Amino acid sequence: MTKDSSSSFKRILVHIVLLVLPLVSRSADPDPLQDFCVADLKGSISINGFPCKTTSEVTSNDFFFDGLSREGNTANKFGWNVTAANVLAFPALNTLGLSMNRVDFAPGGVNPPHSHPRSTEAVFVLKGKLLVGFVSTANILYSKVVTPGQMFVIPRGLVHFQRNVGTGKALAITAFNSQLPGSASLPQTLFASKPSIPTDVLTKAFQVDDTVIKHIESQLAS
Ligand SMILES: *[C@@H]1O[C@H](CO)[C@@H](O)[C@H](O)[C@H]1NC(C)=O
């Protein structure tokens, strides 16, 4: 190749790369809308989410939900209850990319450390006094006591918790940028999965002996 033809070759190459780059960046997978979707290679429908109700059968009632108007029962060992307005409870949210929860707390109640794999969470406190916190992947705790009218935001996927630090009940509404955020509760995930995580994984991970693991497991068994 002459010097001239090699530089025009380079110019053409640069043009091809510039043309193809946007295509590459647009061909990423869509975000998942559920925990998993095992392929049925012979299935006639395959979607990420849920199929749609026939439009002629949709009414105003489909877009209405009053499930968050009732207080959840907090008479459990954590003193907390979550009522979900996600796509499973409120089907109109399908494909809209948002959902909400009502979270009730008894005095001293705790929403145990957990994470939402598919969503950021905005916590809006309506009643009481909540300590809300999350831990970043750099292992830094960011937390704040949040009172009525105030908000705290939990970035997508990070482990977080809430605790009622007031004297009475507390109530928060949480909003998600996912129709089904998913929730992995650390105590349940680690100590109450079915089948359970092998004890020697947990004894090593937590640097304790197996009686400690068995004790935690028995406390969480429902
Ligand atoms: C949350 O409250 C609802 C409604 O009172 C109740 O049916 C449900 O069992 C409660 N969940 C827990 C974990 O206590």
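Every residue, even glycine, has its Cβ placed from backbone N, Cα and C.
Annotated signal peptide per TrEMBL: 1-28, in sequence order.
What TrEMBL records for Cys37-Cys52 is disulfide bond. Cβ neighbours within 10 Å of Cys37 (disulfide bond), excluding its own Cβ and spanning all shown chains: 12.
For the domain 'Cupin type-1' (66-214), the model gives a mean pLDDT of 97. Taken from TrEMBL, the feature domain 'Cupin type-1' covers 66-214.
Cβ neighbours of Glu121 (oxalate binding site) (same chain, under 8 Å, six or more residues apart in sequence): Val153, Ile154, His160, Thr174, Ala175, Phe176, Pro181. The oxalate binding site annotation in TrEMBL covers Asn101, Asn111, His116, Glu121.
His116 (oxalate binding site) carries neither a helix nor a strand DSSP state and counts as coil. Sequence-distant contacts (6 or more apart, same chain, Cβ under 8 Å) of His116 (oxalate binding site) comprise Ile154, Arg156, Gly157, Phe176, Ser178, Pro181, Gly182, Ser183, Ala184. Look at TrEMBL and you will find His114, His116, Glu121, His160 tagged as Mn(2+) binding site.
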Query: In the same chain, which residues outside the set Asn101, Asn111, His116, Glu121 have their CB within 8 A of the centroid of the CB atoms that define the oxalate site?
result: Val82, Val103, His114, Val123, Ile154, His160, Thr174, Phe176, Pro181, Ser183
- line: Within 8 Å of the Cβ centroid of His114, His116, Glu121, His160, the other same-chain residues by Cβ around the recorded Mn(2+) site are Ser115, Ser119, Phe134, Ile154, Leu158, Val159, Pro181, Ser183
- request: Across all the protein chains here, work out how many other Cβ atoms are within 10 Å of the Cβ of Asn111 (oxalate binding site).
  value: 26
- request: Return one of helix, strand or coil for Glu121 (oxalate binding site), based on DSSP.
  value: strand
Query: If one measures from the C-alpha of Cys52 (disulfide bond) to the C-alpha of Asn101 (oxalate binding site), what distance in angstrom results, rounded to a whole number?
result: 23
- prompt: Using DSSP and three states only, what is Asn101 (oxalate binding site)?
  reply: strand
